[in-house]
Amino acid sequence: MKKVTVIKIGGNIIDNPAELEQFLTDFSKIEGYKVLVHGGGKSATKMAQSIGLVPQMIDGRRITDAPMLDVVVMIYAGQINKHIVAQLQAKDNNAIGFSGADGNLIQSTKRNHPTIDYGFVGDVKQVNTKLLATLLEARVVPVFCAITHDKNGQLLNTNADTIASELSIALSEVFDVTLTYCFEKQGVLQDSEDDSSVITEINEALYQKLKEEKVIHSGMIPKLDNCFNSLSRGVQKIKIGHHKMLQNSDIPHTTITL
Ligand SMILES: Nc1ncnc2c1ncn2[C@@H]1O[C@H](COP(=O)(O)OP(=O)(O)O)[C@@H](O)[C@H]1O
Ligand SMILES: CC(=O)N[C@@H](CCC(=O)OP(=O)(O)O)C(=O)O
């Protein structure tokens, strides 16, 4: 089976131009088929606040009313996505930027929660694996933002960690997939403020224990939930860590196991 590397970067890297440039240099050197998924929650929050909107997150998901949807489409599918694509082109990677609406690559359904109105938030329903595989075989480097669609003309805001996970699950039907979540820390840490406390391997039992002890909290909870879901649905390998590990596998990081 051919291999694919799926990498997700979050808002803390994107918001720091020097870090982003360094990440893209490391990413551009990865050989073989690869897919980049980016978030940008931090930039969207700043932009929303600058025009008087009040950002609200529940369980790691942004409440997305119509004005907030306009902001996230502009920031994720526009500003961030196009800058990343241009920077990858400068590094001789033939990147193309996609939302889930482009080529019907990621179709989702509007979240229907019994008590919380998330607004225009989508849960992934289906990936166009065939088109994605064709793009990879044509040596395109797909760059996905956190916007999907419902196939009835409605754009939806979808958590970028979940997009990376769902794309990886879909690609596992055809490829041997390694999914890496890159962020500003070295991995899942015993002490979230101490980069030297990397937990090198974490399984579901250890995760539950560390969650109860509040060692793992906030954004790391949905990230790890996505990881265990992906592993149980066919993804071969999942890592969490700093992007330095992309070019140097000796750098400590966390490997997820079932
Ligand atoms: N045990 C832990 N180890 C590392 N990070 C942790 C841990 N527990 C909570 N976190 C938090 O999880 C965050 C990463 O999740 P998130 O904010 O969704 O990241 P991103 O969107 O940048 O990928 C870190 O910035 C950190 O504050
Ligand atoms: C529905 C939902 O919450 N969408 C996310 C999408 C961006 C994202 O996931 O960005 P990070 O990876 O930088 O956190 C949001 O708007 O924050």
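Cβ coordinates are placed from backbone N, Cα and C, and glycine is handled just like the others.
The structure displayed is predicted, hence computed values, not measured ones.
TrEMBL lists GLY40, GLY41, ARG62, ASN157 with the feature substrate binding site. Neighbour count (other Cβ atoms within 10 Å of the Cβ, all protein chains): 27 for ASN157 (substrate binding site).
As annotated by TrEMBL, domain 'Aspartate/glutamate/uridylate kinase' applies to 3-241.
DSSP assigns LYS8 (site 'Transition state stabilizer') to a strand in the three-state reduction. What TrEMBL lists as site 'Transition state stabilizer' is LYS8 (among others).
Sequence-distant neighbours of LYS223 (site 'Transition state stabilizer') (same chain, 6+ apart, CB under 8 A from its CB) are ASP161, TYR181, ILE240. Under the three-state DSSP scheme, LYS223 (site 'Transition state stabilizer') falls in the helix class. The site 'Transition state stabilizer' feature in TrEMBL is assigned to LYS223 (among others).
Less than 6 Å separates the Cβ from ligand 2 in the case of GLY41, drawn from the recorded positions LYS8, GLY41, LYS223 in sequence order. With a cut-off of 8 Å between CB atoms and residues at least 6 apart in sequence, the same chain places GLY11, ILE14, ASP15, ILE75, TYR76, ILE80, CYS145, ALA146, ALA160 near GLY40 (substrate binding site), listed in sequence order. The closest partner of LYS8 (site 'Transition state stabilizer') among the binding-site residues, by CA position, is GLY41; the full candidate set was GLY41, ARG62, ASN157. Listed in sequence order, the residues GLY11, GLY39, ALA44, THR45, THR64, VAL72, ILE75, TYR76, ALA146, ASN159, ALA160 complete the 8 Å Cβ shell around the substrate site centroid, once GLY40, GLY41, ARG62, ASN157 themselves are left out.
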